[in-house]
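The feature iminosuccinate binding site is assigned by TrEMBL to H25, S42, Y113, V114, N115, S130, H198, P199, E200, T215. Residues annotated as [4Fe-4S] cluster binding site in TrEMBL: C87, C172, C260.
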Amino acid sequence: MQDRTSIINEINQLKKEKNAVILAHNYQRKEIQDIADFLGDSLGLSQEAVNQDADVIVFCGVDFMAESAAILSPEKTVLLPEKEAECPMAAMVDVDSLRQKKKEHPNAAVVCYVNTSAAVKAECDICCTSSNAVNIINSLKENDIIFVPDKNLAKYVSLNSTKNIIPWEGYCPTHHQILVGDILLMKEEHPNAEIIAHPECKEDVLDISDKVLSTTGMTNYAKSTNSKEMIIATETGILYRLKKENPDKIFYSGSEYAVCPNMKMTTLEGVLDSLKNMKHVISVPEEIRIKAMKSLERMLEVGRT
Ligand code: 13P
Ligand code: SF4
């Protein structure tokens, strides 16, 4: 078996030869976070891919993220090291059922969370992320909004908007492992800790949280807050980054069970294999790509106004 240092050396060598960059989501294994050129959230990484003067993007994350990068950077080769790294929440909505829902609500706008396939994005009016969902909804002229696929994010948005949100029944199985009872017990043990939750958490967890933030929102907030202790209600992988960037602060995981198996599929060996053998190339059929890009661009436009 090849040792870790020689794997990393080989990865770095191949990166130079192929003019590649490695992007990693905040939930990735720590050894993947350590070799990444950029760490970030679902959409931020795809935007980073656009800015890079690279021929190859190795996307250490899950399927829909690599697809977003391929939608926004069609001239680059986007690789997903693990073919099976799929987001179960994104798989909870498909084109046919969404078309049916649109027929039932012909006057509604359709908003999709970035955690959706390119084909579903192509069926929507506009995308959103966990950090801009409320702004996106409020920017729309329609009052009725079909929101896919996360029912928890939909609920959070509906509480922060006057719009009529028609939720989809999707959810993130990992964030559903985070239980309000466990967080309350932790708060009893650490009364000075702030509770920071991702909006994919269940409503009762969000209700008792001090802040509801995307993963990038969490990394920014952790640096700026005066709090010295935080209970982090999201996938546990982010704790590594939070601790590394804030050695003077203490972070508690909201649940040791909040581990996304799909995010953890990517290994150093997998990244090496991906670069060596140029796999797995993620591409989106042009007709779908153009439509999906409109949904993403409309979102980015709202962000600029
Ligand atoms: P963000 O990193 O965009 O907050 O999303 C979290 C997530 O669940 C990605 O799968
Ligand atoms: Fe999908 Fe949840 Fe895993 Fe993110 S943490 S990839 S939303 S299953």
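Each residue, glycine too, has its Cβ placed from N, Cα and C.
Counted within 10 Å of its Cβ, the other Cβ atoms near C260 ([4Fe-4S] cluster binding site) come to 24, all protein chains included. Other residues of the chain with a Cβ within 8 Å of the Cβ centroid of C87, C172, C260, the [4Fe-4S] cluster site, are V62, P88, M89, A90, N115, P173, T174, H175, E200, E235, N262, M263. Closest to C87 ([4Fe-4S] cluster binding site) in space, going by CA atoms and restricting to the binding-site residues H25, Y113, N115, H198, E200, is N115. Ligand 2 lies under 6 Å from the Cβ of the following binding-site residues, listed in sequence order from Y113, N115, C172, H198: N115, C172. In this structure the alpha carbons, written CA, of H25 (iminosuccinate binding site) and C260 ([4Fe-4S] cluster binding site) are 12 Å apart.
Most Cβ neighbours within 10 Å, among the binding-site residues H25, H198: H198 holds that distinction in the structure as shown. In this record, iminosuccinate is bound by H25, S42, Y113, V114, N115, S130, H198, P199, E200, T215; the longest C-alpha to C-alpha distance in that set is 17 Å. In this structure the C-alpha atoms belonging to N115 (iminosuccinate binding site) and C172 ([4Fe-4S] cluster binding site) are separated by 10 Å. The closest partner of C172 ([4Fe-4S] cluster binding site) among the binding-site residues, by CA position, is E200; the full candidate set was Y113, H198, E200.
Fewest other C-beta atoms within 10 angstroms, among the binding-site residues C87, C172, are seen around C87.
If you take the Cα of Y113 (iminosuccinate binding site) and the Cα of C260 ([4Fe-4S] cluster binding site), they are about 18 angstrom apart, rounded to a whole number.
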